[in-house]
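Undergrad: Right, I'll just put the structure down here and ask away after.
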Amino acid sequence: MSSPSPAAAVEVDESNLMKSRFRGYMPVVIDVETAGFNAKTDALLEIAASLLEMDDDGWLSVSETLHFHVEPFEGANLEQAALDFNGIRPFCALRGAVDESHALKEIFKVIRKRLKQVGCHRAVMVAHNAAFDHGFVHAAIERANIKRSPFHPFATFDTAALSGLALGQTVLAKACEAAKIDFDNSQAHSAAYDTERTAQLFCFIVNRYKSLGGWPLIDEEQD
């Protein structure tokens with residue numbers, strides 16, 4: 001008896017592929033910790049990125065997280081109120097901080113590799129109050145003179161807005177609580193911790209929408 005051909009043995013549901021779910025974009029969750037609110041003048045002090053994966057049934061989960069402590073760029077402003085809030089000591093040798101360019105290039109290297117693996121053409125930033133993180137990352141890209149960023153220049157997925165819609169909460173800790181995701185306030189405002197919780201939250205919202213029948217879309221004319 002002849003065995004089935006590889007093409008016949010494996011049927012792939014295109015709607016369950018990352019490239020199909022987000023129109024060729026790959027979500028990457030980002031969180032930054034900074035020395036203020038001005039992306040042009042205030043120091044970027046930490047950056048973390050969580051990559052996501054989608055299984056054969058179209059369920060989204062967190063794959064890996066990259067994290068870097070970052071040295072303030074030359075001439076950067078350091079607002080003491082911001083440092084008191086996040087508890088970061090910018091010039092402490094124990095941080096093992098690297099310059100902005102190194103951190104970005106290492107993160108972008110991993111993102112580009114994953115883009116090829118999943119067949120997406122560009123990354124889109126996911127963040128909680130995304131305009132803030134997006135602004136700091138792109139200001140750092142300019143300072144590092146990086147010509148080709150894997151991120152879309154302006155499109156984002158903002159989990160604050162998505163959580164308001166899906167969970168009735170916009171604060172990260174409260175949104176996680178509503179989604180039954182453990183959140184330790186004592187670890188908050190660490191880029192690595194906040195990124196992973198934001199990533200879990202984004203996955204929860206995307207997966208819940210799917211579980212309620214929102215994805216894949218149904219063609220009503222054929223239904």
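Placement of Cβ uses the backbone N, Cα and C atoms for every residue, glycine included.
Predicted automatically and left uncurated, TrEMBL annotations should be read as such.
For His189, the entry in TrEMBL reads active site, proton donor/acceptor. Summarising the annotation, TrEMBL assigns Mg(2+) 2 binding site to Asp31, Glu33, His189, Asp194. Positions annotated as Mg(2+) 1 binding site by TrEMBL: Asp31. What TrEMBL records for 26-211 is domain 'Exonuclease'. Annotation comment: TrEMBL describes Phe37, Phe85, Phe132, Phe154 as site 'Important for substrate binding and specificity'.
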Undergrad: Given the Mg(2+) 2 site residues Asp31, Glu33, His189, Asp194, which other residues of that chain have a Cβ within 8 Å of the mean position of their Cβ atoms, reported in sequence order?
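TA: The answer, listed by sequence position, is Val32, Glu46, Ala48, Asn86, Ala188, Ser190, Ala191, Ala192, Tyr193, Thr195.
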Undergrad: Please identify which of Phe37, Phe85, Phe132, Phe154 has the densest Cβ environment, defined as other Cβ atoms within 10 Å, among these recorded sites.
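TA: Highest number of other Cβ atoms within 10 Å: Phe132.
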Undergrad: If you count the C-beta atoms lying within 10 Å of each candidate's C-beta, which of the binding-site residues Asp31, Glu33 ends up with the smallest number?
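TA: Fewest other Cβ atoms within 10 Å, among the binding-site residues Asp31, Glu33, is found for Glu33.
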Undergrad: Looking at the recorded positions Asp31, His189, Asp194, which ones sit with their CA no more than 10 Å from the CA of Phe85 (site 'Important for substrate binding and specificity')?
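TA: Cα filter at 10 Å returns His189.
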Undergrad: Using C-alpha positions only, work out which of the recorded positions Asp31, Glu33, Phe37 is nearest to His189 (active site, proton donor/acceptor).
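TA: So, of the listed recorded positions, the one sitting closest to His189 (active site, proton donor/acceptor) is Glu33.
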Undergrad: Which chain-mates of Asp194 (Mg(2+) 2 binding site) that are at least 6 residues away have a CB under 8 A from its CB, listed by sequence?
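TA: Same-chain residues close to Asp194 (Mg(2+) 2 binding site) (Cβ under 8 Å, separated by 6 or more) are Asp31, Ala48, His128, Leu172, Ala188.
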